[in-house]
Amino acid sequence: MLTRLKAKSEGKLAKQICKVVLDHFEKQYSKELGDAWNTVREILTSPSCWQYAVLLNRFNYPFELEKDLHLKGYHTLFQGSLPNYPKSMKCYLSRTPGRIPSERHQIGNLKKYYLLNAASLLPVLALELRDGEKVLDLCAAPGGKSIALLQCACPGYLHCNEYDSLRLKWLRQTLESFIPQPLINVIKVSELDGRKMGDTQPEMFDKVLVDAPCSNDRSWLFSSDSQKASCRISQRRNLPLLQIELLRSAIKALRPGGILVYSTCTLSKAENQDVISEILNSHSNIMPMDIKGIARTCSHNFTFAPTGQECGLLVIPDKGKAWGPMYVAKLKKSWSTGKW
(Lines of atoms letter the chains of each structure in order from A and count residues from 1; the text may use other names and numbers.)
(Lines give C-alpha, C1' and ligand atoms only; values in the text may rest on other atoms or scores of the structure.)
Protein backbone atom coordinates (compact mmCIF):
# COMPACT_ATOMS: atom_id res chain seq x y z
CA MET A 1 0.00 0.00 0.00
CA LEU A 2 2.74 2.47 1.03
CA THR A 3 4.72 1.57 -2.11
CA ARG A 4 1.70 2.23 -4.32
CA LEU A 5 1.07 5.57 -2.62
CA LYS A 6 4.72 6.53 -2.96
CA ALA A 7 4.74 5.60 -6.66
CA LYS A 8 1.54 7.54 -7.21
CA SER A 9 3.01 10.54 -5.39
CA GLU A 10 6.24 10.35 -7.40
CA GLY A 11 4.22 10.19 -10.60
CA LYS A 12 2.36 13.35 -9.69
CA LEU A 13 5.57 15.14 -8.79
CA ALA A 14 7.27 14.03 -12.01
CA LYS A 15 4.49 15.63 -14.06
CA GLN A 16 5.08 18.93 -12.30
CA ILE A 17 8.67 19.34 -13.51
CA CYS A 18 8.82 22.39 -15.76
CA LYS A 19 10.48 21.39 -19.04
CA VAL A 20 11.28 25.00 -19.97
CA VAL A 21 13.33 25.43 -16.81
CA LEU A 22 14.92 21.98 -16.95
CA ASP A 23 16.06 22.54 -20.56
CA HIS A 24 17.53 25.91 -19.60
CA PHE A 25 19.36 24.44 -16.61
CA GLU A 26 20.56 21.50 -18.72
CA LYS A 27 22.37 23.83 -21.14
CA GLN A 28 23.94 25.97 -18.41
CA TYR A 29 24.79 23.51 -15.66
CA SER A 30 26.09 20.70 -17.86
CA LYS A 31 28.79 23.21 -18.88
CA GLU A 32 29.40 24.64 -15.42
CA LEU A 33 29.28 21.41 -13.38
CA GLY A 34 30.36 18.87 -15.99
CA ASP A 35 29.58 15.23 -15.13
CA ALA A 36 28.38 16.20 -11.63
CA TRP A 37 25.27 17.75 -13.22
CA ASN A 38 23.83 14.30 -14.02
CA THR A 39 23.55 13.40 -10.32
CA VAL A 40 22.48 16.91 -9.31
CA ARG A 41 19.70 16.86 -11.93
CA GLU A 42 18.52 13.45 -10.73
CA ILE A 43 18.23 14.68 -7.13
CA LEU A 44 16.66 18.04 -7.95
CA THR A 45 13.97 16.45 -10.11
CA SER A 46 13.14 13.73 -7.55
CA PRO A 47 11.53 15.27 -4.44
CA SER A 48 11.20 11.76 -2.97
CA CYS A 49 15.01 11.87 -2.54
CA TRP A 50 15.03 15.21 -0.72
CA GLN A 51 16.11 15.39 2.91
CA TYR A 52 15.01 17.76 5.66
CA ALA A 53 17.06 18.74 8.68
CA VAL A 54 15.40 19.44 12.05
CA LEU A 55 16.63 22.59 13.80
CA LEU A 56 15.58 22.50 17.45
CA ASN A 57 14.34 25.72 19.06
CA ARG A 58 16.41 26.44 22.18
CA PHE A 59 13.66 28.78 23.44
CA ASN A 60 11.16 25.90 23.70
CA TYR A 61 13.42 22.87 23.72
CA PRO A 62 11.77 19.60 22.58
CA PHE A 63 13.48 17.02 24.81
CA GLU A 64 11.00 14.27 23.90
CA LEU A 65 11.39 14.93 20.17
CA GLU A 66 15.17 14.81 20.55
CA LYS A 67 14.93 11.35 22.14
CA ASP A 68 12.63 10.22 19.34
CA LEU A 69 15.03 11.51 16.67
CA HIS A 70 17.87 9.55 18.29
CA LEU A 71 15.74 6.40 18.24
CA LYS A 72 14.96 6.94 14.55
CA GLY A 73 18.65 7.16 13.71
CA TYR A 74 19.00 10.90 13.30
CA HIS A 75 22.39 12.41 14.13
CA THR A 76 23.54 15.91 14.97
CA LEU A 77 24.92 18.09 12.24
CA PHE A 78 28.37 19.69 12.53
CA GLN A 79 28.90 19.18 16.27
CA GLY A 80 32.42 18.03 16.97
CA SER A 81 33.58 18.82 13.42
CA LEU A 82 33.51 22.63 13.36
CA PRO A 83 35.75 24.34 15.95
CA ASN A 84 33.50 27.42 16.32
CA TYR A 85 30.18 25.58 16.25
CA PRO A 86 27.82 27.14 18.83
CA LYS A 87 26.81 24.60 21.48
CA SER A 88 23.37 26.23 21.77
CA MET A 89 22.43 25.25 18.20
CA LYS A 90 21.17 21.69 17.74
CA CYS A 91 20.30 20.42 14.30
CA TYR A 92 19.45 16.79 13.50
CA LEU A 93 19.37 15.00 10.20
CA SER A 94 18.75 11.54 8.81
CA ARG A 95 20.70 9.98 5.98
CA THR A 96 17.45 8.74 4.45
CA PRO A 97 14.89 10.91 2.61
CA GLY A 98 11.70 12.06 4.28
CA ARG A 99 10.52 14.66 6.74
CA ILE A 100 8.68 14.89 10.02
CA PRO A 101 5.45 16.95 9.96
CA SER A 102 5.71 20.73 10.24
CA GLU A 103 4.18 22.40 13.30
CA ARG A 104 1.24 24.76 12.89
CA HIS A 105 1.54 28.40 13.80
CA GLN A 106 -0.32 29.11 17.06
CA ILE A 107 -0.36 32.60 18.54
CA GLY A 108 1.25 32.57 21.97
CA ASN A 109 2.88 29.14 21.56
CA LEU A 110 6.50 28.82 20.47
CA LYS A 111 7.29 26.12 17.95
CA LYS A 112 9.76 23.43 18.99
CA TYR A 113 11.56 22.90 15.68
CA TYR A 114 12.14 24.27 12.20
CA LEU A 115 12.51 22.10 9.07
CA LEU A 116 15.14 23.24 6.59
CA ASN A 117 17.74 22.34 4.01
CA ALA A 118 20.81 21.63 6.17
CA ALA A 119 23.06 23.53 3.75
CA SER A 120 21.21 26.75 4.60
CA LEU A 121 22.92 26.70 8.01
CA LEU A 122 26.35 27.16 6.41
CA PRO A 123 25.93 30.93 5.80
CA VAL A 124 24.76 31.33 9.40
CA LEU A 125 27.76 29.45 10.77
CA ALA A 126 30.15 31.33 8.46
CA LEU A 127 28.94 34.59 10.02
CA GLU A 128 30.19 33.43 13.47
CA LEU A 129 27.73 35.56 15.43
CA ARG A 130 28.72 36.49 18.99
CA ASP A 131 26.58 37.64 21.92
CA GLY A 132 25.97 41.39 21.90
CA GLU A 133 26.85 42.00 18.25
CA LYS A 134 24.71 44.08 15.90
CA VAL A 135 23.65 42.01 12.91
CA LEU A 136 21.70 42.70 9.72
CA ASP A 137 19.79 40.03 7.79
CA LEU A 138 19.25 42.08 4.63
CA CYS A 139 16.89 39.74 2.73
CA ALA A 140 15.43 37.89 5.69
CA ALA A 141 12.19 36.18 4.60
CA PRO A 142 10.96 33.56 5.24
CA GLY A 143 13.04 33.84 8.41
CA GLY A 144 14.86 30.51 8.69
CA LYS A 145 18.33 32.04 8.79
CA SER A 146 17.24 34.68 11.31
CA ILE A 147 15.89 31.88 13.52
CA ALA A 148 19.17 29.97 13.10
CA LEU A 149 21.22 33.07 14.00
CA LEU A 150 19.28 33.36 17.25
CA GLN A 151 20.02 29.71 18.05
CA CYS A 152 23.74 30.55 17.82
CA ALA A 153 23.93 33.65 20.02
CA CYS A 154 21.99 36.54 21.55
CA PRO A 155 22.76 39.60 19.45
CA GLY A 156 22.62 43.06 20.93
CA TYR A 157 20.50 44.05 17.93
CA LEU A 158 19.11 42.05 15.01
CA HIS A 159 17.69 43.89 12.03
CA CYS A 160 15.58 41.65 9.76
CA ASN A 161 14.73 43.34 6.48
CA GLU A 162 12.43 42.13 3.69
CA TYR A 163 11.37 44.28 0.73
CA ASP A 164 8.55 42.01 -0.51
CA SER A 165 5.37 42.73 1.48
CA LEU A 166 3.93 39.19 1.24
CA ARG A 167 7.22 37.62 2.30
CA LEU A 168 7.45 40.19 5.10
CA LYS A 169 4.25 38.75 6.67
CA TRP A 170 5.80 35.30 6.49
CA LEU A 171 8.95 36.62 8.18
CA ARG A 172 6.99 38.24 11.03
CA GLN A 173 5.02 35.04 11.62
CA THR A 174 8.20 32.94 11.67
CA LEU A 175 9.83 35.20 14.26
CA GLU A 176 6.66 35.22 16.36
CA SER A 177 6.53 31.41 16.21
CA PHE A 178 10.07 30.81 17.46
CA ILE A 179 11.32 33.75 19.50
CA PRO A 180 10.19 34.66 23.06
CA GLN A 181 8.95 38.17 23.79
CA PRO A 182 12.03 39.45 25.69
CA LEU A 183 14.26 38.67 22.71
CA ILE A 184 11.76 40.11 20.24
CA ASN A 185 12.60 43.48 21.80
CA VAL A 186 16.14 43.40 20.32
CA ILE A 187 14.79 42.55 16.85
CA LYS A 188 13.72 45.16 14.32
CA VAL A 189 11.73 44.12 11.24
CA SER A 190 11.65 46.49 8.27
CA GLU A 191 10.34 46.59 4.69
CA LEU A 192 13.09 48.62 3.03
CA ASP A 193 14.68 48.34 -0.38
CA GLY A 194 17.86 46.52 0.61
CA ARG A 195 19.82 48.51 -1.97
CA LYS A 196 19.26 51.63 0.15
CA MET A 197 20.04 50.16 3.57
CA GLY A 198 23.69 51.19 3.45
CA ASP A 199 22.78 54.82 2.92
CA THR A 200 20.23 54.88 5.74
CA GLN A 201 22.37 52.97 8.26
CA PRO A 202 26.05 53.45 7.34
CA GLU A 203 28.64 51.39 9.26
CA MET A 204 25.98 50.31 11.76
CA PHE A 205 26.51 46.54 11.87
CA ASP A 206 29.21 44.11 13.07
CA LYS A 207 27.90 41.31 10.85
CA VAL A 208 25.74 41.36 7.70
CA LEU A 209 24.06 38.40 5.98
CA VAL A 210 22.94 38.85 2.36
CA ASP A 211 20.88 35.77 1.47
CA ALA A 212 20.13 37.27 -1.90
CA PRO A 213 17.14 36.85 -4.21
CA CYS A 214 18.29 34.29 -6.78
CA SER A 215 17.19 31.72 -9.34
CA ASN A 216 16.18 29.25 -6.58
CA ASP A 217 16.82 26.16 -8.69
CA ARG A 218 14.70 23.73 -6.64
CA SER A 219 11.48 25.73 -6.77
CA TRP A 220 11.94 26.97 -10.35
CA LEU A 221 12.11 23.38 -11.60
CA PHE A 222 8.57 22.84 -10.32
CA SER A 223 7.01 26.01 -11.75
CA SER A 224 3.39 25.18 -12.57
CA ASP A 225 3.06 28.07 -15.04
CA SER A 226 5.42 27.52 -18.01
CA GLN A 227 4.74 31.03 -19.34
CA LYS A 228 5.77 32.56 -16.01
CA ALA A 229 8.78 30.24 -15.97
CA SER A 230 9.86 31.49 -19.40
CA CYS A 231 9.53 35.06 -18.15
CA ARG A 232 11.68 34.23 -15.11
CA ILE A 233 14.37 32.74 -17.31
CA SER A 234 14.45 35.78 -19.58
CA GLN A 235 14.75 38.08 -16.56
CA ARG A 236 17.37 35.85 -14.90
CA ARG A 237 20.23 37.79 -16.46
CA ASN A 238 19.19 40.82 -14.37
CA LEU A 239 19.68 39.04 -11.04
CA PRO A 240 23.48 39.50 -10.77
CA LEU A 241 23.09 43.27 -11.02
CA LEU A 242 20.54 43.26 -8.19
CA GLN A 243 22.79 40.98 -6.12
CA ILE A 244 25.79 43.27 -6.63
CA GLU A 245 23.73 46.32 -5.64
CA LEU A 246 22.55 44.56 -2.48
CA LEU A 247 26.14 43.66 -1.60
CA ARG A 248 27.33 47.22 -2.16
CA SER A 249 24.60 48.44 0.18
CA ALA A 250 25.57 45.77 2.73
CA ILE A 251 29.20 46.89 2.58
CA LYS A 252 28.16 50.45 3.39
CA ALA A 253 26.06 49.20 6.33
CA LEU A 254 28.98 47.15 7.67
CA ARG A 255 31.44 48.69 10.11
CA PRO A 256 35.17 48.51 9.31
CA GLY A 257 36.47 45.17 10.56
CA GLY A 258 33.02 43.61 10.19
CA ILE A 259 32.08 40.36 8.45
CA LEU A 260 29.80 39.98 5.42
CA VAL A 261 28.38 36.64 4.26
CA TYR A 262 26.70 36.27 0.87
CA SER A 263 24.56 33.26 -0.01
CA THR A 264 22.21 31.96 -2.70
CA CYS A 265 20.32 28.73 -3.34
CA THR A 266 21.32 28.50 -7.00
CA LEU A 267 24.11 26.68 -8.83
CA SER A 268 24.56 29.59 -11.24
CA LYS A 269 28.15 30.84 -11.53
CA ALA A 270 26.84 34.21 -12.77
CA GLU A 271 24.95 34.70 -9.48
CA ASN A 272 27.66 33.21 -7.28
CA GLN A 273 31.38 33.37 -8.09
CA ASP A 274 31.00 36.11 -10.71
CA VAL A 275 29.11 38.38 -8.29
CA ILE A 276 31.77 37.96 -5.59
CA SER A 277 34.58 38.50 -8.12
CA GLU A 278 32.96 41.76 -9.19
CA ILE A 279 32.72 42.93 -5.57
CA LEU A 280 36.35 42.02 -4.83
CA ASN A 281 37.56 43.70 -8.02
CA SER A 282 35.65 46.93 -7.36
CA HIS A 283 36.12 47.35 -3.58
CA SER A 284 39.68 47.67 -2.29
CA ASN A 285 38.36 47.66 1.30
CA ILE A 286 36.79 44.19 0.97
CA MET A 287 38.93 41.13 1.60
CA PRO A 288 38.09 37.47 0.92
CA MET A 289 38.11 35.14 3.95
CA ASP A 290 39.20 31.55 3.52
CA ILE A 291 36.35 29.14 4.39
CA LYS A 292 37.72 26.00 2.75
CA GLY A 293 38.04 24.54 6.26
CA ILE A 294 34.24 24.20 6.40
CA ALA A 295 34.32 22.02 3.28
CA ARG A 296 37.09 19.85 4.72
CA THR A 297 35.34 19.24 8.04
CA CYS A 298 31.81 18.84 6.62
CA SER A 299 32.50 16.64 3.60
CA HIS A 300 30.84 13.64 5.32
CA ASN A 301 27.51 15.53 5.34
CA PHE A 302 27.79 17.67 2.19
CA THR A 303 29.13 17.39 -1.34
CA PHE A 304 31.03 20.48 -2.49
CA ALA A 305 31.74 21.49 -6.08
CA PRO A 306 34.92 23.44 -6.92
CA THR A 307 34.39 27.22 -6.98
CA GLY A 308 37.91 28.42 -7.74
CA GLN A 309 37.60 30.70 -4.70
CA GLU A 310 39.04 30.34 -1.21
CA CYS A 311 36.22 32.53 0.12
CA GLY A 312 33.40 30.64 -1.62
CA LEU A 313 31.73 27.23 -1.19
CA LEU A 314 29.12 25.54 -3.36
CA VAL A 315 27.05 22.68 -1.94
CA ILE A 316 25.55 20.48 -4.64
CA PRO A 317 22.86 17.81 -4.09
CA ASP A 318 24.22 14.25 -4.10
CA LYS A 319 22.90 10.77 -3.37
CA GLY A 320 22.52 10.34 0.39
CA LYS A 321 23.50 13.99 0.81
CA ALA A 322 20.65 15.73 -0.98
CA TRP A 323 21.43 19.17 0.47
CA GLY A 324 21.77 22.35 -1.53
CA PRO A 325 22.17 24.01 -3.90
CA MET A 326 23.79 26.55 -1.58
CA TYR A 327 26.55 29.00 -2.36
CA VAL A 328 28.31 30.76 0.53
CA ALA A 329 31.00 33.46 0.39
CA LYS A 330 32.65 35.20 3.33
CA LEU A 331 34.16 38.69 3.13
CA LYS A 332 35.67 41.18 5.57
CA LYS A 333 35.64 44.97 5.46
CA SER A 334 39.03 46.50 6.12
CA TRP A 335 39.72 49.96 7.56
CA SER A 336 40.86 51.47 4.25
CA THR A 337 38.48 53.31 1.94
CA GLY A 338 37.11 51.47 -1.06
CA LYS A 339 36.39 52.41 -4.66
CA TRP A 340 32.77 52.20 -5.78
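Backbone N, Cα and C atoms are what each Cβ position is placed from, and that goes for glycine too.
Taken from TrEMBL, the feature domain 'SAM-dependent MTase RsmB/NOP-type' applies to 44-334.
Long-range C-beta contacts of A141 (S-adenosyl-L-methionine binding site), restricted to its own chain and to partners at least six residues apart, with a cutoff below 8 Å, comprise E162, D164, R167, L168, W170, L171. Feature annotation from TrEMBL assigns S-adenosyl-L-methionine binding site to C139, A140, A141, P142, G143, G144, K145, E162, D193, D211.
Annotation for C265 (active site, nucleophile): same-chain Cβ neighbours under 8 Å, separated by at least 6 residues, are N117, S120, C214, N216, D217, R218, G324, P325, M326, Y327. Marked as active site, nucleophile by TrEMBL: C265.
Sequence-distant neighbours of K145 (S-adenosyl-L-methionine binding site) (same chain, six or more apart, CB under 8 Å from its CB) are S120, P123, V124, D137, L209, D211, listed in sequence order. In sequence order, C160, W170, L171, Q173, T174, L175, F178 make up the list of same-chain residues 6 or more apart from G143 (S-adenosyl-L-methionine binding site) whose Cβ falls under 8 Å from its Cβ. Counting every protein chain shown, 12 other Cβ atoms lie within 10 Å of the Cβ of D193 (S-adenosyl-L-methionine binding site). Residues C139, A140, A141, P142, G143, G144, K145, E162, D193, D211, recorded as contacting S-adenosyl-L-methionine, have a largest CA-CA distance of 20 Å. C139 (S-adenosyl-L-methionine binding site) has a Cβ environment of 23 other Cβ atoms inside 10 Å.
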